[in-house]
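This report refers to the structure that appears directly beneath it.
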Amino acid sequence: MGSTAHHGAEGVGRRDLIKRSAALGLVAVPGMGLMSACASGGDSGNSDGGDTKGKTSKDNPFGAKKGSKLDVVVFKGGYGDDYAKAWEADFGKKLGITSTHTGTQEITGKLQPRFNAGNPPDIVDDSGAQQIKVDVLYKNGQLLDLAEVLDAPSVDDPAKKVRDTLIPGTLDPGMQEGKVVALNYIYTVWGLWYSGKLFKEKGWEEPKTWDDFLAVCKDAKSQGIGGLAHQGKYPYYINVAIMDLIAKKGGLDAMKAIDNLDPKAFVGSDAAQAAVEAVYEVVEKGYLMPGTNGLTHTESQTRWNQYKAAFITCGSWLENEQLKQTPTDFDMKFLPMPVLSGSKLPFEAIRAGSGEPFIIPAKAGNLPAAKEFMRRMLSKEWSTLFAKQANSLTILKDGVDPGVQLRPGTQSTVEASKAAGDNTFRYLYTEWYSEMGTAIEAASNELMAKRIQPKEWLKRCQAAVDKQAKDPASKKNHRD
Amino acid sequence: MRKGQYRFVAGFLFVPVALYVIFVIWPYIQTFGYSLTDWKGQSQTFDFVGLDNYRALFQDDVFLKAIWHNILFLVFIPVITILLALFFAFMLNVGGRSRAGGVQGVAGSKFYKIVYFFPQVLSLAILAVLFNAVYRSDGGGLLNGFLIKIGLVDADSPVEWLNEPSMVLWALMLVVVWHGVGFYLVLFSAAMQSVPRDIYEAALIDGAGRTQSFLRITLPLLWDSVQTAWVYLGIVAMDMFVLVSSMTQNMGAYGGGPDHHSDVMSTVMMRNFLYYGKSGYACAMGVVMLLLTLILSVVTLRATRRERIEF
C-alpha cells in the first residue's frame, strides 16, 4: 500500500478521483428520479379482484378461489409454527387452497425487500425480535384495514359478527389511528410468576399487597434466594412491573395519561412516583436476584426455574418458552402485580391483552383467501388447534374445547383472567411510539442499576413523552 | 504496447469495475439519495426533505455519543492490537536467546504461533456467545465465578461487566483485541521472516539488545505491514456492529446499553432504520459513516507514509 505512495502517477490519479466523485455527485440527483421510478413500478404484485377472486357464498363470504395459492409467513419463535401448518392443512382440505408456508425468525430480513418491491406475502405473523413494527408498516400504507374480516359472519355462529366473538379490548393494540390493522391473536396476561412448589416449601403466601411482596422477598433473601428476578438485558421486562404498578395505583387514567402523552404523565403523577419508588425499594434493599440486571431472558428465567429467585416478571408466554428448563414439579403460577396502598384498581386487576400481531398486507396477491384464512383463525376449531400446539390461549371467547388439558401456568392464567373480569388494562404506547418506549426502557435500566434515582427516572420518562408529543404524527393516536 | 492490447486489458477490467459500480457505488449513491428524504423503510413513498436529516443528526445526542465511542475504539483497538502482535511476533521470530551464530524465536515458538491464531478462526457470532459467558453478570459467569471463588467479589453483588458505563467499552475492546492479535501476529511474522537474518546478526555483533534490534531493524522494515494492519483495524473499529448488538444491554433493539454507553454509529443507524422506522434519517447516518471512514483511510495512509527501505 504505502510502497506505491511516491509513484509519479499517484497525484494524477487522486485528482482524477476527485473529479470523478464530483461527477458521481451529479449522477445522484437523476438517481433520485430513477428510484421513484422503481417505486411506481412496484405495484405489479397486486392482483386483488383479478384471478384470485372466486364466487362468494355463505361459507365463503370473501370469495376465496379454489385452486389459488396462499403465501403464509409465520414467526417461528416461542410458539413454534406447527399450529400454522395445522391450519394450512385444514385450509387446503376445506377450501382447496394450497399454502406456501414460511416459518422464520427473520421477519424483517425476509419481508422488508418484499414490502418495498410491492409483492408481500398474503398473511404474516409479524412478531419476535425482528418483527417489522406495526406502526412503521402502517405509516408506509402497507396494511389492510381488517374491518371487513371483523364484520364478516363468524364461522361458529353465522348470526354473529366475528368481532363480537372476541374477548373485549383485544383488538385495541392492533389499532393505528382508529383502524384495526393488526390482529393480535394470542391472549396474554402480564405480571409476576412464582413456583408453587417453592412457596409451599417455604410456607410463603401469595402476596396481595406490595408490603407482603417485600416481606416474601426479605424472607427469601435471608435464606439465600433472590427476591425478584428480571430479564435485565432487555429492560422491557422490568417495565412490566413498573408500568403495572402505575396503572393499578392511579387507575386507567394514569395509564392513559402515558399513552396520550400527557404533560403530567410522569412528573406530577402521584401514581408514577409511588410506583417507581416502590420498585426502587426492591433495588435498594438488595432483593433483586444477584446479577439479574445483566442477564438475558433465558438466563434469568432459567435461574428462576432453578429456585434462585422467588418472583420473576413476564407475560404468559413464559411457560411455553421454559418448557424444557422447568422441573416437572415446579408448579408454575401466575400472580397479578401486588398493589400499593390506596390503589384505584384491585389486586385482581391484570395487564391483559392480545399479542402476536397477524397482518394482511394491503398489496397481498390473494386478498380473498387471506381474509378467509383470518376469519377461520377466529373459529373454535382453529383456536383449539392453536392451544394444543402452542400451549396458549387465543382472543376468541371460550376459544378452547374444555377437553384440552392445560399446563399449570396456563391454567393459572385462565383463573386469573376470570378473577379479573373487566378489570384488565393494557398500555399502547409501546405499539405506537417505539422511540419513546426505548427511552423509558433505558431509564429503567439505569434505575435498576442504581445509577439514577426515582426522581431522575420520572424526569427522563417525562422528557421522552414530551419529545414524542412534539412529533405531529402522534396527534392521530388517542385513546379515551 | 502492441496494437489491440488496450482492448484486451480493458475487457478484463470492465467486468470487475462494472460489478463494483453496481454493487458498491450505486448503493452508496442510493443511500445518499434516500438520506435527503423522509423514507420510512417499508414502502417506496417518501418526500424530499433536503438536508433536514443532516441537521437533525448533529443534534442527536445518541448519535454524537456513538461517534465518540467509535473514535475511542479507533484510537485504542489498532494501537493495542498492533503493539501486542508486534511484540509477540518479535518474540516468536527473533526474540530468543541467541545461541552461537543464530537468530531465532523463543522456545516453543511454533506451538505459540498456532495457539495465538486460534481466536481468528472463530466467527464474530461465536465470539459473542463465548464472551457473553465470560462476562455473564451473575456467579455463573467465568469472570464473576472466578472472582467470587477467590473472594475478590461478593456473591450478592457480582460485577455486571456489560452493564457498567465505565467498563462496557473496554470489555468489548478486549474481545476485539483477543480476536485480532493472532492474525496480525501471523502477518507480522511472515514479514519478519523476509527480513534477511544477516541484518540481525550484524546488529547482534554490534552489540544490539532485543529492544534496539526491534526498534531499529524490525519496526522500520515492517512498516508496510503495520500500515496495512492499521487500516484494517481502523475499519473494524468503525464497525463493531455484531459485538455491540449481540452483547450489550438492549436499547429497544441492537444493544447499545446501558443507556447508550456502548452504542456505535452502526447500531444507532440500524435502530433508526428498522426499529424506529426513520429510514431516511438512518441513511443520513450511513452517509456520515462513509465520509468518516473515507477521511480515516486518507489520514491513515498519509500519516503513516514513510520512505520505503529496500532490502
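Glycine residues also receive a Cβ, built from the backbone N, Cα and C atoms like all the rest.
TrEMBL: automatically predicted annotations, no manual curation.
Feature annotations, reproduced from TrEMBL:
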DOMAIN    B:67-300  domain 'ABC transmembrane type-1'
TRANSMEM  B:7-29  transmembrane segment
TRANSMEM  B:67-93  transmembrane segment
TRANSMEM  B:114-135  transmembrane segment
TRANSMEM  B:167-187  transmembrane segment
TRANSMEM  B:229-248  transmembrane segment
TRANSMEM  B:279-301  transmembrane segment
Which listed stretch (B:7-29, B:67-93, B:114-135, B:167-187, B:279-301) has the most C-beta pairs under 8 A with the transmembrane segment (B:229-248)? B:67-93
Intrachain residues whose Cβ lies under 8 Å of the transmembrane segment (B:279-301), provided they are six or more past its termini: 28, 31-32, 34-41, 46, 49, 53-54, 56-57, 63, 67, 70, 74, 227, 230-231, 234-235, 238, 265-266, 268-270, 272-273
Positions on the same chain near the transmembrane segment (B:114-135), where near means CB under 8 A and six or more residues out: 88, 141-143, 161-162, 171, 175, 178-183, 185-186, 242-243, 246-247
Could you tell me what the rest of the chain brings near the transmembrane segment (B:167-187), counting residues at least six beyond its ends with Cβ under 8 Å? 69, 72-73, 76-77, 80-82, 84-85, 88-89, 92, 113, 116-120, 122, 124, 127-128, 131, 135, 159, 161, 225, 228-229, 233, 236-237, 240, 243-244, 247-248, 258, 261-262
